There are 2 protein chains.
Amino acid sequence: MSQKKISKLNPPSTIGIIGGGQLGRMLVLDAKRMGYNVIVFDPKPNSPAGQVADEQITAVYGDLNALRNLARKTDVITYEFEHIDVDLLTLLEYEGYTIYPSAKTLRLIQNKFVQKSMLNNIGIKVPEFYLINTLKELRDVFYKFGQKAILKTCRDGYDGKGNLVLNDINKLEENYQIFRGLEIMAEEFIHFTKEVSIIVAKNHDDIVLYPIAENFHENSILINSLIPANISVEIEKQIHIMSKKIVEELDDFGIFCIEFFIDSDSNVLVNEIAPRPHNSGHYTIEGCVSSQFEQHIRIITGMPLGSPKLRLPCAMYNILGNEHVAGTYSVSGVDAILNIKDCHFHLYGKLESKHLKKIGHITVLDDSVGKANHQAKIALSKIKID
Amino acid sequence: MSQKKISKLNPPSTIGIIGGGQLGRMLVLDAKRMGYNVIVFDPKPNSPAGQVADEQITAVYGDLNALRNLARKTDVITYEFEHIDVDLLTLLEYEGYTIYPSAKTLRLIQNKFVQKSMLNNIGIKVPEFYLINTLKELRDVFYKFGQKAILKTCRDGYDGKGNLVLNDINKLEENYQIFRGLEIMAEEFIHFTKEVSIIVAKNHDDIVLYPIAENFHENSILINSLIPANISVEIEKQIHIMSKKIVEELDDFGIFCIEFFIDSDSNVLVNEIAPRPHNSGHYTIEGCVSSQFEQHIRIITGMPLGSPKLRLPCAMYNILGNEHVAGTYSVSGVDAILNIKDCHFHLYGKLESKHLKKIGHITVLDDSVGKANHQAKIALSKIKID
């Protein structure tokens with residue numbers, strides 16, 4: 001495989017994590033279990049990850065001196081979200097600090113146009129896409145796509161932010177103006193029948209593929225995942241081949257989540273790649289032998305990969321803030337959730353809630369996906385955010 | 001069941017834990033996952049539990065003001081070890097603070113003579129035992145027991161500290177002098193064929209019993225546990241009946257570990273009770289649906305009990321400090337451990353090691369206890385403490 005080799009860091013080496021949200025928190029919990037020290041970098045004090053880390057450096061993400069301070073105090077750096085100034089990471093690498101995945105990979109993934117161009121180049125099917133520089137270009141593409149398309153900012157989108165569905169020629173100019181000044185692209189609207197994703201772990205020796213999750217979104221926010229996905233063996237095989245090809249092309253180290261659309265003709269298209277643990281992989285905490293978080297810690301410390309084996313079928317549901325609460329909140333109904341067999345409750349310690357904000361999740365394990373999903377729906381209906 | 005009722009504490013309520021060792025650390029990791037805030041009380045800064053908690057109060061265990069500060073800042077208090085001044089806890093309870101298990105239970109368990117007398121009173125078989133006030137009394141008991149006995153301090157013993165095997169009449173006076181000034185008792189020496197233990201969880205609604213662990217000690221220190229224990233259904237039934245009877249008599253809330261001797265005539269005798277999660281229950285983290293730590297957090301927050309169901313047979317081995325290292329240490333061979341399938345590695349973040357100090361543990365899950373034990377032995381042989 002790769003010529004590069006990751007330095008072996010035995011505990012208690014120190015890991016730096018840029019970003020103090022829930023993904024960082026779950027990384028810290030596994031890193032601490034394994035005896036590592038962890039320093040979290042986040043602009044808000046007492047972040048979800050900072051609460052469980054040995055230390056939090058509180059500074060804005062663009063603060064080079066603070067980032068350098070993190071680098072000096074740690075043996076390896078990783079991140080839990082993509083929207084970091086990659087030039088600063090490149091500089092830190094140049095200064096000799098180690099970051100996984102590398103700034104090069106992050107740079108490629110950060111720009112969706114570049115990401116999709118790379119996928120195209122290596123023969124991976126993606127929705128048709130065009131960089132848009134003028135309203136005229138957008139109009140041409142819109143007609144080409146049969147008057148239905150997705151308009152996206154090339155950078156900084158997440159959970160539906162930075163995405164617009166175009167379906168009305170009369171609103172095209174208005175839509176175009178929304179992202180004025182930003183680099184944008186238009187994409188073919190895929191009438192998918194399923195959305196699925198896979199967590200892929202790569203170190204210098206090997207690649208392991210986790211079971212494929214079937215994902216359900218509302219308003220572009222992940223509502224729930226069912227594992228294993230209800231797909232044919234043929235499609236599973238295709239996804240495995242595509243996933244390996246992608247991470248081999250990236251030639252980097254870490255956890256990668258690849259999201260796919262499956263259309264009614266059983267075409268499999270890549271939607272996007274995240275260079276980090278992912279919401280659709282939360283089920284791996286209780287559902288798999290080694291979770292995506294433990295796996296990421298293993299990789300960046302130069303340890304061998306763990307097993308992605310599924311113990312039992314799983315259903316994962318996000319706990320989202322509702323429209324009635326903005327600010328501090330309380331949670332009730334936890335007792336009803338904890339009454340459900342093999343239901344695992346996670347709350348991220350976020351200080352404030354808002355509409356559709358991810359504040360926790362539950363994972364239910366059962367003999368079948370159907371049973372797990374049934375129990376998880378009951379569990380989710382019990383929780384109340386006030 | 002009990003007339004008492006535990007107040008329901010939804011997250012983010014705050015839990016106080018007296019003692020910042022590995023048991024506290026594993027309690028914190030589960031409490032944080034569930035969204036609780038945790039304050040740890042320990043005399044040493046940056047304790048294993050304090051590293052992952054929201055806050056550590058650093059003070060000696062006898063500091064009433066510091067303990068009261070913990071009580072004021074938290075919604076419920078628990079502890080991870082028994083050797084706390086129970087008068088101070090009684091005072092805090094009197095002041096209206098909630099402690100689980102209660103000071104009354106801790107007081108009873110702290111004194112082994114009182115603990116065993118209670119067991120005797122409710123008809124639970126224990127090794128024969130006598131309070132010793134004079135050397136003459138010790139000599140009489142020694143002869144009565146056939147010139148082999150155990151001399152114990154009634155309080156403050158753990159991991160073999162405060163225990164002496166008596167087998168030489170000529171050394172009896174010398175042995176007697178070792179514990180001079182302390183309350184002591186002499187116990188019949190049990191030629192056991194097996195040592196087993198069970199984790200019992202009790203809240204105000206119910207009791208659940210975890211699978212029974214078979215334990216192997218050297219120099220009174222737990223080396224490893226195999227789960228489920230290789231015992232007859234008949235003995236398992238006896239242990240279940242005895243365990244329920246004991247926790248019903250205690251009439252308190254929390255995790256209790258009960259250790260048993262089984263002799264060559266298949267007699268089952270209670271060795272001792274711990275009112276807290278226990279080393280022999282570490283396997284429950286990966287091995288069971290709800291771990292002993294999550295279960296303890298559920299109980300003290302008034303939540304329903306989780307399932308103690310075993311996912312797969314387990315072998316747990318402690319990682320102990322060796323005689324060559326006293327002070328700071330490094331750990332190597334972690335990569336070899338992590339290469340073993342379904343082997344889970346825990347390191348407690350202790351700042352210093354010493355001979356036989358518990359600094360971590362591993363748990364291996366497999367299809368059979370034999371296979372798990374085989375793999376765990378290989379794993380343990382790989383780790384090096386320098």
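Backbone N, Cα and C define each Cβ position, glycine as well.
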Can you pick which of A:Lys73, A:Lys152, A:Lys244, A:Lys309 TrEMBL lists for the same ATP site as A:Lys112, A:Glu187, A:Glu188, A:Phe189, A:Ile190, A:Glu195, A:His217, A:Asn271, A:Glu272?
A:Lys152
For A:Lys112 (ATP binding site), what is the tally of other C-beta atoms lying within 10 angstroms of its C-beta?
24
Cβ neighbours within the same chain of A:Glu195 (ATP binding site) - under 8 Å, at least six residues apart:
A:Glu214, A:Asn215, A:Phe216, A:His217, A:Glu259, A:Phe260, A:Phe261, A:Ile262, A:Asn271
Other CB atoms within 10 A, centred on A:Asn271 (ATP binding site):
19
Cβ atoms near A:Glu187 (ATP binding site) (within 10 Å, other residues, all chains):
22
Collapsed DSSP category at A:Phe189 (ATP binding site):
coil
